[in-house]
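Okay, structure first, notes after.
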Ligand code: NAD
Ligand code: UDX
């Protein structure tokens, strides 16, 4: 029986391994982590992450061929294939701080693999890493190997949160990079055999190590670039009276461009896009390519601009001050169908409004008060460094109130901001919300989910990203 061990039971390690266990009943899969609370949750009925369809997959395999454990060394030493899916955050200190990937967690995992291994292993980079990381890992493993053969593969993960199970069941492609030696090719074939249990072979792409590592950074950069492109257009739409949805529809009808990933928004969030582009920028700089670095940096700059622009629009349209005003925040997660708040645009928008002394009442169906308080108190990039994580910030922000209902959040509010596109926000009783708000009542839709005409008919002043502006908003221009 082939044994797989995955180091890192997070958003990637957990779902990915659960699907491998489901699709490959003859393979034993152990997912290990140094976080006791995470492993306890994986072994309970309340999984540590919210992901549609995940519960069912885990329930079908857990205890049969899928195990979650904190006994990292035992499972690594017994495995034939070791996936490493630990966090690779942005460095907060030292050389490359604010840009380069921090490989501390990766390196310590690699050293541990070298220490405990007694048999040959295939070590798979599942985490997103800088190009050439495999070379560094190879050095660590071979210098400490005691004659054991380690083959390093790069097998980056392309799942998106909220649709992880669907993406894993039916991936556009699986990418496996390895050495171009007979041993490297044999290792590629072994991993290909695992995925071939359910992924059509023509969707399993094999490449050299560096292409696989770079493809992951490139894919995320291209995706984020589309969002920054449409968001840049949204600012121009507001200035000219064009409608960004109509522009995106017309542009996306060109089959060379395609319709996906062209939704204008308050900005992209999530644990990957910003981190991976900053990492790409750093790699370009290190390789003496400042023009290429600046090109990709612009994707992040537009994303920051979009968040600032949104806050400025709120403040300027509410008579240039939100001080002491109650603003309801609907949605805090970085996208719908996840409870993940890493790099969510809601953090920057809320911080911007708090900076102008607003009183915030926040509702998200999947994010609790402890998480929101922690996010608003945390410094940039600290979220992915467990050492910085406190159980609860000792002094919670008093201007922030977290509630479990959209109607409670909006009661007596001066304005409503929609920051996550949860489906339930489309069908709220907006007449009821309007009746219970201060007047004039404002809605700032950062996800273009509401029916503006209907809301205007009720009496709201409505701002939707990239849509033609109300006369009110035209009269109170935002300073970007
Ligand atoms: P995560 O923070 O949810 O999970 C990482 C886990 O690794 C944590 O539970 C942590 O405790 C554990 N860990 C760290 N060091 C360890 C060690 N030495 N031994 C055992 N466990 C250790 O992160 P994630 O979102 O799952 O991302 C993991 C990697 O996958 C990152 O490189 C990320 O860029 C990449 N990725 C993430 C996504 C996504 O949607 N989240 C998608 C594709 C790729
Ligand atoms: C992304 C990549 O899609 C995935 O392939 C990679 O493995 C990890 O990073 P994820 O961050 O989970 O996945 O979600 P994604 O759907 O890409 O959304 C990222 C952010 O962009 C979200 O904040 C989302 O709301 C925003 N977005 C997405 C837009 O603003 N407009 C769009 O058209 C699409």
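Residue 1 is the first one shown; counting continues down the chain.
Positions of Cβ are set from backbone N, Cα and C atoms, glycine also.
What TrEMBL records for 8-13, 33, 38, 86-90, 127-128, 161, 272-275, 342 is NAD(+) binding site. There are 28 other CB atoms within 10 A of the CB of residue 8 (NAD(+) binding site), with all protein chains counted.
Sequence annotations record features per position, and here TrEMBL assigns active site, nucleophile to 272. When other Cβ atoms within 10 Å of the Cβ of residue 272 (active site, nucleophile) are tallied across all protein chains shown, the result is 23.
The domain 'UDP-glucose/GDP-mannose dehydrogenase C-terminal' feature in TrEMBL is assigned to 328-452.
Among the recorded positions 33, 161, 272, residues whose Cβ is positioned under 6 Å from ligand 2 are identified as 161, 272. For residue 87 (NAD(+) binding site) paired with residue 272 (active site, nucleophile), the C-alpha to C-alpha distance reads 10 Å. Taken residue by residue with DSSP, residue 274 (NAD(+) binding site) is part of a helix. Geometry remark: residue 33 (NAD(+) binding site) versus residue 272 (active site, nucleophile), CA distance 20 Å. Residue counts for the domain 'UDP-glucose/GDP-mannose dehydrogenase C-terminal' (328-452) under DSSP (helix as H, G, I; strand as E, B; rest coil) come to 42 helix, 19 strand, 64 coil.
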